[in-house]
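Asker: My structure is below; once you've seen it, I'll send some questions.
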């Protein structure tokens, strides 16, 4: 193996890696030894010295050593094994809920045990629940760790101990195999070498300050952060350069349909809408594909902007596809577009994952023949069996739910006769500038920074759950006396559609009992699309007074008569999501209210979050605060997409570096194309195939 580059050495060449483990590691994108070395610890534990048991404080993670005094199994509400150890300074109780006979036998009275875990204050003094422990041999001195212990991001079935053993082998290979130095010499001068940085971060010596690692300031981290941010920026430059090599259908001015639609509208577009439409039309007139992100706050009128862009393509006899993240939102878009386009003689088609059989086949045929000019749906519209007929524009609503890879896959799908479609991406989640510079560097950006006239700002209050009855009375008053409608949103911390649906059903039953004079509807993610649509339609038509819902109504639902929103457990959601939910009210001229019904006690972070919402209705201000409180991954929807997910860099912490990184990335892109390509391959392997398009 000597002399090989580590990106060419598969993990299967390491001891202990068989087919089953290989498959599990592949789930976290670990395929080669280089991947493993770049899979860096999330945090570190200090197991390099012993704590006297008598000095343990609650909440401290510590290593202790003691002699087993007793070990007992009890059978109460659940089986439990407790083992007490003493080091002379105090007694520690170790508690285990998952255990076996071998564990019980190993913890015999008189044995010496080394244990690591979080100290808690228990009924009988200090205790640890499920500590990691090791029975000591006859050595008089305990075998302590020589370096800080790394804790890695992992996946089901891969233990920390496994990752540590594999990383030990990978670090040994650094002596015989090379990990290629990709930074040009003028950039890497005076910096730690890559092998040095990797050794330091995987096995930090006990002398190293943990605070440096926690703040991302250690030279080893700075070395890798620079490389990763460069790779990210280089991939965006490659995407842009790639896009410039593609051909798109140039769609010149042809305004007859647009003018007809504008004349039929009961309102005039805002100045911001008109400006953004002009920017889009300028892009679409070129023979390279448009790649434009339109940011607009909740209720700023992005749908009309999308419709006007679509008409430019339809006027040239081309097709337009609009993709939304949920069936509910896609269906609402389809209804909106039908209302606007039917009088113009334009047929709007609708495709969703749940469509089956003949209906789906008929829709696919209508798309393939070109009979349907505007296609609306979820990601189902980009499945293999859907064939377009001259697709010239792709509109993606709510970008964060898709991510860069899906965005690029759409391009490939849309390519026909050598032409790529223009792309328009719309998001109602305003993105702070630093974040947009990195995460969306491949896109041009337009901002709709003006709300339509006649919108009244929503008043937001935070009220503890103990006053639930008062809030129910407030709902009764709004619906019966004021003739308004209301939303009651249930949120759950677990990302489980089933549990969320059950919580919503329980709340629905409770509110039907408490408010017998109201018609109360229910909508959640586990209902069939047709059922959801039926409930939403009756709410929109005013047949229901109150709608109990999960966060499925977060985006796009438009009922101007709804003026009151209750959000339960708002402390469980991020600011951007709360702002989205709140945006479902305040869509008419009447004063609207949002009640954040929280459970006490509130954490400090939750207090700050709710205060931000009470103070501001501006999505951009809220997004900046959200970034400061939560960090970029959550803000960009990393949970769903993997977009903007960094191994060492942190866009919030490292934002000061971004302008300089962009300058360096341009330098490498122009002067060192081979290194640029290799850096992207190293840090962002999934993006590589698009960069070469």
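A Cβ is built for glycine as well, from the same backbone N, Cα and C atoms used for every other residue.
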Asker: I'm validating the feature mapping. Which of 393-396, 397-400, 401-404 is tagged motif 'DEAH box' in Swiss-Prot?
Answerer: 397-400
Asker: If you run through the region 'Wedge domain' (48-146) with DSSP, how many residues end up as helix, strand and coil?
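Answerer: So the counts come to 9 helix, 49 strand, 41 coil.
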Asker: Inside 8 A of the center formed by the CB atoms of 296, 297, 298, 299, 300, 301, 302, 303, which other residues of the chain have their CB, for the recorded ATP site?
Answerer: 428, 448, 451
Asker: Give me the mean pLDDT over the motif 'DEAH box' (397-400), rounded to a whole number.
Answerer: 64
Asker: By Cβ count within 10 Å, point out the most packed of the binding-site residues listed: 296, 299, 301.
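Answerer: It comes out as 296.
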Asker: Determine the Cβ neighbour count for residue 297 (ATP binding site): the number of other Cβ atoms within 10 Å of its Cβ.
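Answerer: Here the count is 23.
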Asker: By a simple count of other Cβ atoms within 10 Å, which of 298, 300, 302, 303, the binding-site residues in the record, is least packed?
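Answerer: Taking 298, 300, 302, 303 as the binding-site residues, the minimal 10 Å Cβ count falls on 303.
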